[in-house]
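Comments concern the structure below.
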Amino acid sequence: MGPLSAPPCTQHITWKGLLLTASLLNFWNLPITAQVTIEALPPKVSEGKDVLLLVHNLPQNLAGYIWYKGQLMDLYHYITSYVVDGQINIYGPAYTGRETVYSNASLLIQNVTREDAGSYTLHIIKRGDRTRGVTGYFTFNLYLKLPKPYITINNSKPRENKDVLAFTCEPKSENYTYIWWLNGQSLPVSPRVKRPIENRILILPSVTRNETGPYECEIRDRDGGMRSDPVTLNVLYGPDLPSIYPSFTYYRSGENLYLSCFAESNPPAEYFWTINGKFQQSGQKLSIPQITTKHRGLYTCSVRNSATGKESSKSMTVEVSAPSGIGRLPLLNPI
């Protein structure tokens with residue numbers, strides 16, 4: 001396509017007075033080899049942007065052309081016209097101040113609004129044919145820019161395998177199809193969903209610590225889609241069965257005993273140590289310097305998660321040998 005011609009500026013005569021998609025227009029009854037066509041540039045333009053109705057294959061020997069809003073060629077729908085002789089622009093009642101017509105018949109609409117959607121009529125008048133002319137129609141199909149969806153959730157801190165979760169994708173519209181994503185993978189639509197809008201609510205009967213997300217929802221219409229910001233769950237779980245380290249259970253008197261306990265838990269669990277059922281101390285680590293035989297017995301690490309209300313424990317038996325020389329039989333002199 002060639003460059004646009006500059007809009008005429010020698011004389012102006014004024015009477016009293018989203019996203020858009022465009023289809024190509026073929027003019028009717030035009031007795032030339034190359035048909036006049038119109039295309040929108042860009043084919044999709046966001047509300048508030050500019051769109052150019054670019055005319056191709058404009059015939060020679062023209063007297064002028066007129067643009068109308070809609071398919072009725074009357075004064076009320078008259079936007080603007082261009083008279084070749086004198087390079088005159090004439091503006092009608094439908095002119096908003098945002099339209100610019102060029103000498104090649106192309107029409108620029110600036111700061112596009114929803115009201116700009118619909119049909120446009122271009123009437124081309126050839127010299128010697130001022131009354132009949134050639135008329136064609138060009139239609140904008142309104143394409144609204146999708147809003148950015150967002151997720152609401154009934155519980156952002158669910159308990160593992162216990163709480164039912166309900167994700168809702170907003171906003172609600174019968175015109176949207178809703179799609180859910182987990183860790184970048186689309187989730188299958190439940191067979192119970194009969195209408196696309198019903199999929200805007202995602203129900204999870206239970207959730208595990210491996211299903212924290214991120215979760216995203218996407219809304220789609222016939223022209224495109226828009227995805228929400230990711231949402232990550234804080235799944236409460238545990239405590240799992242704890243482990244005690246090191247695992248060996250035999251000590252000599254006078255050695256130092258160091259034990260640590262760990263259990264998977266969110267939030268972190270509280271730790272308690274008991275020896276033979278008697279509370280010893282709290283915390284993950286237990287240390288007893290210079291252990292003696294009185295420290296023999298059953299060592300238990302108990303863990304508790306106040307958020308989940310769960311508890312768990314692990315026990316081990318510790319043996320302590322007597323000091324060297326204690327508890328041994330005296331040596332006998334050989335006969």
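Just so it is clear, glycine is given a Cβ too, placed from its N, Cα and C backbone atoms.
As recorded in Swiss-Prot, the features of this protein are as follows:
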- 1-34: signal peptide (SIGNAL)
- 35-144: domain 'Ig-like V-type' (DOMAIN)
- N104: N-linked glycosylation site (CARBOHYD)
- N111: N-linked glycosylation site (CARBOHYD)
- 147-234: domain 'Ig-like C2-type 1' (DOMAIN)
- C169-C217: disulfide bond (DISULFID)
- N175: N-linked glycosylation site (CARBOHYD)
- N210: N-linked glycosylation site (CARBOHYD)
- 239-317: domain 'Ig-like C2-type 2' (DOMAIN)
- C261-C301: disulfide bond (DISULFID)
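Cα distances from C217 (disulfide bond) to the glycosylation sites N104, N175, N210 are smallest for N175. The Cβ of C169 (disulfide bond) has P149, Y150, I151, Y178, W180, R200, I201, L202, C217, I219, S228 as same-chain neighbours under 8 Å, each 6 or more residues away in sequence. Summed and averaged per residue, pLDDT over the domain 'Ig-like C2-type 2' (239-317) gives 94.
A simple Cβ count within 10 Å picks out one of the glycosylation sites N104, N175, N210 as the most packed, and that one is N104. Comparing C-alpha positions, N210 (N-linked glycosylation site) sits nearest to C261 among the recorded positions N104, N111, N175, C261, C301. For C301 (disulfide bond), the Cβ neighbour count at a 10 Å cut-off comes to 23, with all displayed protein chains included. Here the CA atom of N175 (N-linked glycosylation site) lies 55 Å from the CA atom of C261 (disulfide bond). Cα to Cα, C301 (disulfide bond) and N175 (N-linked glycosylation site) are separated by 57 Å. In this structure the alpha carbons, written CA, of N104 (N-linked glycosylation site) and N111 (N-linked glycosylation site) are 21 Å apart. In sequence order, G48, K49, D50, R98 constitute the residues six or more apart from N111 (N-linked glycosylation site) in its chain with CB-CB distances below 8 Å.
By a simple count of nearby Cβ atoms, those within 10 Å, the most crowded of the disulfide-bonded residues C217, C261 is C217.
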